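Below: the structure, in C-alpha coordinates.
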Amino acid sequence: MTNIRKTHPLAKIINNSFIDLPAPSNISAWWNFGSLLGVCLILQILTGLFLAMHYTSDTTTAFSSVTHICRDVNYGWIIRYMHANGASMFFICLFLHVGRGLYYGSYMYPETWNIGIILLFAVMATAFMGYVLPWGQMSFWGATVITNLLSAIPYIGTNLVEWIWGGFSVDKATLTRFFAFHFILPFIILALAAVHLLFLHETGSNNPSGIPSDSDKIPFHPYYTIKDILGGLFLVLVLMMLVLFSPDLLGDPDNYIPANPLNTPPHIKPEWYFLFAYAILRSIPNKLGGVLALIFSILILAIIPLLHTSKQRGMMFRPLSQCLFWLLVADLLTLTWIGGQPVEHPFIIIGQLASILYFAILLVFMPIISIIENNLLKW
(Lines of atoms letter the chains of each structure in order from A; the text may use other names.)
(Lines give C-alpha, C1' and ligand atoms only; values in the text may rest on other atoms or scores of the structure.)
Protein backbone atom coordinates (compact mmCIF):
# COMPACT_ATOMS: atom_id res chain seq x y z
CA MET A 1 0.00 0.00 0.00
CA THR A 2 1.36 3.42 -0.92
CA ASN A 3 1.81 5.96 1.83
CA ILE A 4 -1.25 8.21 2.37
CA ARG A 5 1.19 11.10 2.73
CA LYS A 6 2.08 10.71 -0.94
CA THR A 7 -1.40 9.99 -2.33
CA HIS A 8 -3.94 12.12 -0.43
CA PRO A 9 -4.53 15.35 -2.44
CA LEU A 10 -3.98 17.68 0.56
CA ALA A 11 -1.27 15.65 2.31
CA LYS A 12 0.58 15.40 -1.02
CA ILE A 13 0.94 19.21 -1.20
CA ILE A 14 2.30 19.33 2.38
CA ASN A 15 4.59 16.38 1.62
CA ASN A 16 6.04 17.91 -1.54
CA SER A 17 6.57 21.27 0.18
CA PHE A 18 7.91 20.36 3.63
CA ILE A 19 8.76 16.65 3.85
CA ASP A 20 10.07 15.01 0.66
CA LEU A 21 11.18 18.31 -0.89
CA PRO A 22 14.69 17.91 -2.36
CA ALA A 23 16.83 20.67 -0.79
CA PRO A 24 20.48 21.64 -1.38
CA SER A 25 22.77 20.01 1.19
CA ASN A 26 24.76 23.17 1.89
CA ILE A 27 22.21 25.93 2.64
CA SER A 28 23.31 27.94 5.68
CA ALA A 29 21.40 29.62 8.51
CA TRP A 30 20.72 32.55 6.15
CA TRP A 31 18.11 30.27 4.54
CA ASN A 32 16.21 30.02 7.84
CA PHE A 33 14.49 33.39 7.51
CA GLY A 34 11.75 32.20 5.15
CA SER A 35 10.40 29.81 7.79
CA LEU A 36 10.98 32.43 10.51
CA LEU A 37 8.85 34.90 8.54
CA GLY A 38 6.16 32.22 8.41
CA VAL A 39 6.37 31.84 12.21
CA CYS A 40 6.19 35.65 12.60
CA LEU A 41 3.13 35.86 10.34
CA ILE A 42 1.23 33.11 12.19
CA LEU A 43 2.16 34.70 15.53
CA GLN A 44 0.99 38.14 14.37
CA ILE A 45 -2.31 36.77 13.02
CA LEU A 46 -3.03 34.90 16.28
CA THR A 47 -2.09 37.73 18.66
CA GLY A 48 -3.87 40.21 16.37
CA LEU A 49 -7.02 38.10 16.40
CA PHE A 50 -7.16 38.15 20.21
CA LEU A 51 -6.45 41.89 20.27
CA ALA A 52 -9.26 42.52 17.76
CA MET A 53 -11.68 40.81 20.16
CA HIS A 54 -11.19 43.64 22.66
CA TYR A 55 -10.19 46.61 20.48
CA THR A 56 -12.68 49.27 19.33
CA SER A 57 -11.92 51.24 16.16
CA ASP A 58 -13.56 54.48 17.25
CA THR A 59 -11.61 57.70 17.88
CA THR A 60 -13.26 58.22 21.27
CA THR A 61 -12.54 54.73 22.62
CA ALA A 62 -9.54 53.31 20.63
CA PHE A 63 -6.86 54.56 23.06
CA SER A 64 -8.93 53.48 26.09
CA SER A 65 -9.57 50.04 24.58
CA VAL A 66 -5.81 49.42 24.22
CA THR A 67 -5.34 50.53 27.86
CA HIS A 68 -8.21 48.19 28.83
CA ILE A 69 -6.49 45.29 27.00
CA CYS A 70 -3.26 45.92 28.93
CA ARG A 71 -4.91 46.43 32.35
CA ASP A 72 -8.08 44.34 32.50
CA VAL A 73 -7.95 41.54 29.90
CA ASN A 74 -6.34 38.30 31.14
CA TYR A 75 -2.79 38.27 29.74
CA GLY A 76 -3.83 41.17 27.49
CA TRP A 77 -0.56 42.98 28.21
CA ILE A 78 1.57 40.09 26.92
CA ILE A 79 -0.62 39.66 23.81
CA ARG A 80 -0.38 43.39 23.05
CA TYR A 81 3.41 43.51 23.51
CA MET A 82 3.96 40.28 21.58
CA HIS A 83 2.01 41.83 18.70
CA ALA A 84 3.89 45.16 18.84
CA ASN A 85 7.35 43.61 19.19
CA GLY A 86 6.41 40.77 16.86
CA ALA A 87 6.21 43.41 14.12
CA SER A 88 9.81 44.41 14.90
CA MET A 89 10.96 40.78 14.74
CA PHE A 90 9.02 40.42 11.46
CA PHE A 91 10.95 43.30 9.91
CA ILE A 92 14.32 42.13 11.26
CA CYS A 93 13.68 38.76 9.56
CA LEU A 94 12.43 40.53 6.40
CA PHE A 95 15.53 42.72 6.08
CA LEU A 96 17.85 39.75 6.67
CA HIS A 97 15.84 37.64 4.18
CA VAL A 98 16.07 40.34 1.46
CA GLY A 99 19.74 40.93 2.32
CA ARG A 100 20.42 37.20 1.88
CA GLY A 101 18.66 37.33 -1.49
CA LEU A 102 20.85 40.24 -2.61
CA TYR A 103 24.08 38.67 -1.34
CA TYR A 104 23.58 35.20 -2.81
CA GLY A 105 21.87 36.24 -6.06
CA SER A 106 18.48 34.71 -5.21
CA TYR A 107 16.94 37.49 -7.32
CA MET A 108 17.82 35.39 -10.37
CA TYR A 109 14.49 33.61 -9.75
CA PRO A 110 12.40 36.57 -11.05
CA GLU A 111 8.89 35.32 -10.15
CA THR A 112 9.83 34.43 -6.58
CA TRP A 113 11.74 37.71 -6.21
CA ASN A 114 8.93 39.90 -7.57
CA ILE A 115 6.29 38.29 -5.37
CA GLY A 116 8.71 38.85 -2.49
CA ILE A 117 8.76 42.59 -3.32
CA ILE A 118 4.93 42.68 -3.38
CA LEU A 119 4.98 40.89 0.00
CA LEU A 120 7.41 43.50 1.35
CA PHE A 121 5.09 46.33 0.29
CA ALA A 122 2.07 44.51 1.77
CA VAL A 123 3.81 43.96 5.13
CA MET A 124 4.92 47.61 5.21
CA ALA A 125 1.36 48.78 4.52
CA THR A 126 0.00 46.47 7.23
CA ALA A 127 2.56 47.65 9.80
CA PHE A 128 1.85 51.32 9.00
CA MET A 129 -1.90 50.88 9.46
CA GLY A 130 -1.39 48.86 12.63
CA TYR A 131 0.68 51.69 14.12
CA VAL A 132 -2.28 54.05 13.65
CA LEU A 133 -4.73 51.87 15.62
CA PRO A 134 -3.72 52.65 19.26
CA TRP A 135 -4.64 56.28 18.45
CA GLY A 136 -1.76 57.86 20.35
CA GLN A 137 -0.01 61.09 19.29
CA MET A 138 2.47 59.33 17.00
CA SER A 139 -0.35 57.18 15.53
CA PHE A 140 -2.40 60.24 14.60
CA TRP A 141 0.44 62.44 13.33
CA GLY A 142 2.18 59.56 11.57
CA ALA A 143 -1.06 58.80 9.72
CA THR A 144 -1.52 62.50 8.89
CA VAL A 145 2.02 62.98 7.56
CA ILE A 146 2.27 59.74 5.55
CA THR A 147 -1.21 59.91 3.96
CA ASN A 148 -0.57 63.59 3.16
CA LEU A 149 2.34 62.51 0.93
CA LEU A 150 -0.23 61.39 -1.65
CA SER A 151 -1.21 65.05 -2.13
CA ALA A 152 2.11 65.38 -4.01
CA ILE A 153 0.54 63.46 -6.91
CA PRO A 154 -0.30 66.08 -9.55
CA TYR A 155 -3.95 66.97 -10.26
CA ILE A 156 -5.65 64.14 -8.29
CA GLY A 157 -3.48 64.32 -5.12
CA THR A 158 -5.77 66.35 -2.84
CA ASN A 159 -8.91 64.42 -3.84
CA LEU A 160 -7.06 61.15 -3.30
CA VAL A 161 -5.97 62.11 0.23
CA GLU A 162 -9.49 63.19 1.23
CA TRP A 163 -10.88 59.97 -0.26
CA ILE A 164 -8.45 57.88 1.84
CA TRP A 165 -9.22 59.95 4.96
CA GLY A 166 -12.97 59.72 4.42
CA GLY A 167 -13.23 63.41 5.29
CA PHE A 168 -11.12 66.55 5.52
CA SER A 169 -8.73 65.23 8.16
CA VAL A 170 -7.59 61.97 9.78
CA ASP A 171 -10.67 61.11 11.85
CA LYS A 172 -13.15 58.37 12.83
CA ALA A 173 -13.66 57.17 9.23
CA THR A 174 -9.88 56.87 8.72
CA LEU A 175 -9.37 54.82 11.88
CA THR A 176 -12.24 52.44 11.06
CA ARG A 177 -11.03 51.73 7.52
CA PHE A 178 -7.42 51.33 8.68
CA PHE A 179 -8.60 48.71 11.18
CA ALA A 180 -10.52 46.89 8.42
CA PHE A 181 -7.47 46.89 6.11
CA HIS A 182 -5.10 45.97 8.94
CA PHE A 183 -7.28 42.93 9.69
CA ILE A 184 -7.63 41.68 6.09
CA LEU A 185 -4.09 42.31 4.76
CA PRO A 186 -2.29 39.59 6.80
CA PHE A 187 -4.55 36.96 5.20
CA ILE A 188 -3.69 38.36 1.75
CA ILE A 189 -0.02 38.18 2.80
CA LEU A 190 -0.57 34.54 3.81
CA ALA A 191 -1.96 33.75 0.34
CA LEU A 192 0.90 35.63 -1.36
CA ALA A 193 3.44 33.75 0.78
CA ALA A 194 1.94 30.47 -0.49
CA VAL A 195 2.40 31.70 -4.10
CA HIS A 196 5.95 32.83 -3.20
CA LEU A 197 6.66 29.28 -2.02
CA LEU A 198 4.95 27.77 -5.07
CA PHE A 199 7.26 29.66 -7.44
CA LEU A 200 10.31 28.85 -5.31
CA HIS A 201 9.53 25.14 -5.53
CA GLU A 202 9.32 25.40 -9.33
CA THR A 203 13.07 26.09 -9.42
CA GLY A 204 14.29 24.77 -6.08
CA SER A 205 16.33 26.72 -3.56
CA ASN A 206 19.47 28.65 -4.37
CA ASN A 207 22.54 27.85 -2.23
CA PRO A 208 25.57 29.78 -0.88
CA SER A 209 27.91 28.72 -3.70
CA GLY A 210 25.49 29.87 -6.42
CA ILE A 211 26.21 26.63 -8.32
CA PRO A 212 23.25 24.38 -9.33
CA SER A 213 22.84 21.71 -6.64
CA ASP A 214 20.78 19.18 -8.62
CA SER A 215 23.41 16.48 -8.11
CA ASP A 216 23.52 16.96 -4.34
CA LYS A 217 20.06 17.10 -2.76
CA ILE A 218 18.82 15.93 0.63
CA PRO A 219 15.21 15.54 1.87
CA PHE A 220 13.80 18.59 3.68
CA HIS A 221 12.63 16.39 6.56
CA PRO A 222 14.37 15.71 8.97
CA TYR A 223 17.40 17.83 8.07
CA TYR A 224 15.81 21.23 7.54
CA THR A 225 12.69 20.71 9.67
CA ILE A 226 14.90 20.37 12.77
CA LYS A 227 16.97 23.34 11.64
CA ASP A 228 13.84 25.48 11.16
CA ILE A 229 12.49 24.45 14.58
CA LEU A 230 15.77 25.53 16.19
CA GLY A 231 15.57 28.87 14.35
CA GLY A 232 11.94 29.29 15.43
CA LEU A 233 12.81 28.61 19.08
CA PHE A 234 15.58 31.21 18.91
CA LEU A 235 13.17 33.73 17.34
CA VAL A 236 10.59 33.16 20.09
CA LEU A 237 13.34 33.41 22.75
CA VAL A 238 14.51 36.80 21.44
CA LEU A 239 10.90 38.02 21.06
CA MET A 240 9.96 36.98 24.60
CA MET A 241 13.11 38.57 26.05
CA LEU A 242 12.09 41.79 24.31
CA VAL A 243 8.46 41.50 25.47
CA LEU A 244 9.21 40.59 29.09
CA PHE A 245 12.29 42.72 29.80
CA SER A 246 11.93 45.88 27.69
CA PRO A 247 8.59 45.90 25.83
CA ASP A 248 8.76 49.63 25.04
CA LEU A 249 12.38 49.65 23.86
CA LEU A 250 11.45 50.00 20.17
CA GLY A 251 8.27 52.05 20.64
CA ASP A 252 7.78 55.81 20.88
CA PRO A 253 6.87 57.33 24.28
CA ASP A 254 4.66 59.88 22.45
CA ASN A 255 2.24 57.07 21.63
CA TYR A 256 1.26 56.88 25.30
CA ILE A 257 -0.28 60.34 24.91
CA PRO A 258 -3.83 60.17 23.42
CA ALA A 259 -4.13 61.63 19.89
CA ASN A 260 -4.64 65.40 19.90
CA PRO A 261 -5.14 67.18 16.53
CA LEU A 262 -4.37 70.55 18.21
CA ASN A 263 -0.94 69.57 19.51
CA THR A 264 1.85 68.46 17.14
CA PRO A 265 4.66 66.34 18.68
CA PRO A 266 8.14 67.98 18.38
CA HIS A 267 9.54 65.11 16.27
CA ILE A 268 7.17 63.10 14.09
CA LYS A 269 8.82 59.81 13.13
CA PRO A 270 7.64 56.32 12.16
CA GLU A 271 8.62 53.03 13.80
CA TRP A 272 12.34 52.12 13.56
CA TYR A 273 11.86 49.78 10.56
CA PHE A 274 10.64 52.64 8.35
CA LEU A 275 13.33 55.16 9.38
CA PHE A 276 15.68 54.38 6.45
CA ALA A 277 12.91 55.13 3.92
CA TYR A 278 11.79 58.17 5.97
CA ALA A 279 15.37 59.51 5.85
CA ILE A 280 15.42 59.14 2.05
CA LEU A 281 12.03 60.90 1.85
CA ARG A 282 13.26 63.83 3.96
CA SER A 283 16.60 64.18 2.17
CA ILE A 284 14.91 65.63 -0.94
CA PRO A 285 13.58 69.19 -0.43
CA ASN A 286 10.83 68.72 -3.04
CA LYS A 287 7.62 66.94 -1.93
CA LEU A 288 6.95 64.95 -5.11
CA GLY A 289 10.66 64.16 -5.49
CA GLY A 290 10.77 62.88 -1.92
CA VAL A 291 7.74 60.65 -2.44
CA LEU A 292 9.22 59.21 -5.65
CA ALA A 293 12.56 58.57 -3.91
CA LEU A 294 10.69 56.88 -1.05
CA ILE A 295 8.81 54.53 -3.40
CA PHE A 296 11.88 53.88 -5.56
CA SER A 297 14.01 53.05 -2.48
CA ILE A 298 12.02 49.79 -2.21
CA LEU A 299 11.00 49.40 -5.87
CA ILE A 300 14.69 49.49 -6.86
CA LEU A 301 14.77 45.82 -5.77
CA ALA A 302 12.66 44.98 -8.84
CA ILE A 303 15.41 46.08 -11.25
CA ILE A 304 18.27 44.36 -9.37
CA PRO A 305 18.07 41.27 -11.66
CA LEU A 306 18.51 43.54 -14.72
CA LEU A 307 21.65 45.07 -13.19
CA HIS A 308 23.35 41.71 -12.57
CA THR A 309 26.49 41.88 -14.72
CA SER A 310 28.59 39.25 -12.94
CA LYS A 311 29.32 35.83 -14.45
CA GLN A 312 28.82 34.38 -10.96
CA ARG A 313 25.49 34.20 -9.20
CA GLY A 314 26.27 34.90 -5.55
CA MET A 315 28.90 37.02 -3.82
CA MET A 316 30.60 34.13 -2.04
CA PHE A 317 33.67 34.30 -4.30
CA ARG A 318 33.54 38.04 -5.11
CA PRO A 319 35.43 40.01 -2.43
CA LEU A 320 35.00 43.42 -4.13
CA SER A 321 31.23 43.00 -4.37
CA GLN A 322 31.22 41.82 -0.76
CA CYS A 323 32.85 45.10 0.32
CA LEU A 324 30.16 47.03 -1.57
CA PHE A 325 27.40 44.92 -0.03
CA TRP A 326 28.58 45.64 3.51
CA LEU A 327 28.98 49.31 2.62
CA LEU A 328 25.29 49.20 1.60
CA VAL A 329 24.39 47.63 4.96
CA ALA A 330 26.35 50.34 6.81
CA ASP A 331 24.64 52.98 4.65
CA LEU A 332 21.18 51.62 5.53
CA LEU A 333 22.08 51.65 9.24
CA THR A 334 23.21 55.28 8.82
CA LEU A 335 19.90 56.15 7.10
CA THR A 336 17.99 54.43 9.94
CA TRP A 337 19.87 56.57 12.48
CA ILE A 338 19.30 59.78 10.47
CA GLY A 339 15.58 59.05 10.11
CA GLY A 340 15.21 59.29 13.87
CA GLN A 341 17.11 62.60 14.17
CA PRO A 342 15.64 66.12 13.94
CA VAL A 343 15.86 67.98 10.59
CA GLU A 344 18.89 70.16 11.34
CA HIS A 345 22.60 70.44 10.59
CA PRO A 346 24.59 68.11 10.32
CA PHE A 347 21.85 65.45 10.00
CA ILE A 348 20.40 66.95 6.79
CA ILE A 349 23.64 66.66 4.79
CA ILE A 350 24.47 63.21 6.25
CA GLY A 351 21.00 62.01 5.19
CA GLN A 352 21.40 63.43 1.69
CA LEU A 353 24.84 61.84 1.22
CA ALA A 354 23.62 58.48 2.59
CA SER A 355 20.59 58.59 0.24
CA ILE A 356 22.77 59.32 -2.80
CA LEU A 357 25.16 56.54 -1.77
CA TYR A 358 22.27 54.06 -1.36
CA PHE A 359 21.09 54.54 -4.96
CA ALA A 360 24.66 54.83 -6.31
CA ILE A 361 25.73 51.49 -4.81
CA LEU A 362 22.75 49.61 -6.26
CA LEU A 363 22.51 51.34 -9.65
CA VAL A 364 26.13 52.20 -10.48
CA PHE A 365 28.84 50.67 -8.27
CA MET A 366 27.52 47.08 -8.07
CA PRO A 367 27.23 46.53 -11.86
CA ILE A 368 30.63 48.20 -12.51
CA ILE A 369 32.44 46.23 -9.78
CA SER A 370 30.92 43.00 -11.15
CA ILE A 371 32.33 43.75 -14.62
CA ILE A 372 35.74 44.52 -13.07
CA GLU A 373 35.64 41.17 -11.22
CA ASN A 374 34.77 39.35 -14.45
CA ASN A 375 37.82 40.93 -16.12
CA LEU A 376 40.08 40.12 -13.17
CA LEU A 377 39.08 36.47 -13.57
CA LYS A 378 39.55 36.82 -17.38
CA TRP A 379 35.93 35.72 -17.96
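Cβ atoms here come from the backbone N, Cα and C positions, even for glycine.
As given in Swiss-Prot:
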TRANSMEM  33-53  transmembrane segment
TRANSMEM  77-98  transmembrane segment
BINDING   His83, His182  heme b b562 binding site
BINDING   His97, His196  heme b b566 binding site
TRANSMEM  113-133  transmembrane segment
TRANSMEM  178-198  transmembrane segment
BINDING   His201  ubiquinone binding site
TRANSMEM  226-246  transmembrane segment
TRANSMEM  288-308  transmembrane segment
TRANSMEM  320-340  transmembrane segment
TRANSMEM  347-367  transmembrane segment
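With respect to Cβ neighbours within 10 Å, the binding-site residues His83, His97, His196, His201 differ, and His201 shows the lowest count. Around His182 (heme b b562 binding site), taking its Cβ as the centre, 21 other Cβ atoms fall within 10 Å, counting all chains. Between the transmembrane segment (288-308) and the stretches 178-198, 226-246, 320-340, 347-367, it is 347-367 that has the most C-beta pairs under 8 angstroms.
Between the CA atoms of the residue listed as 'ubiquinone binding site' and His97 (heme b b566 binding site) there is a gap of 17 Å.
Counting C-beta pairs under 8 angstroms (sequence separation of 6 or more), the transmembrane segment (77-98) reaches the transmembrane segment (226-246) with 3 or more such pairs. When secondary structure is read from DSSP and collapsed to three states, His97 (heme b b566 binding site) falls in the helix class. Residue pair His182 (heme b b562 binding site) / His196 (heme b b566 binding site) shows a Cα separation of 21 Å.
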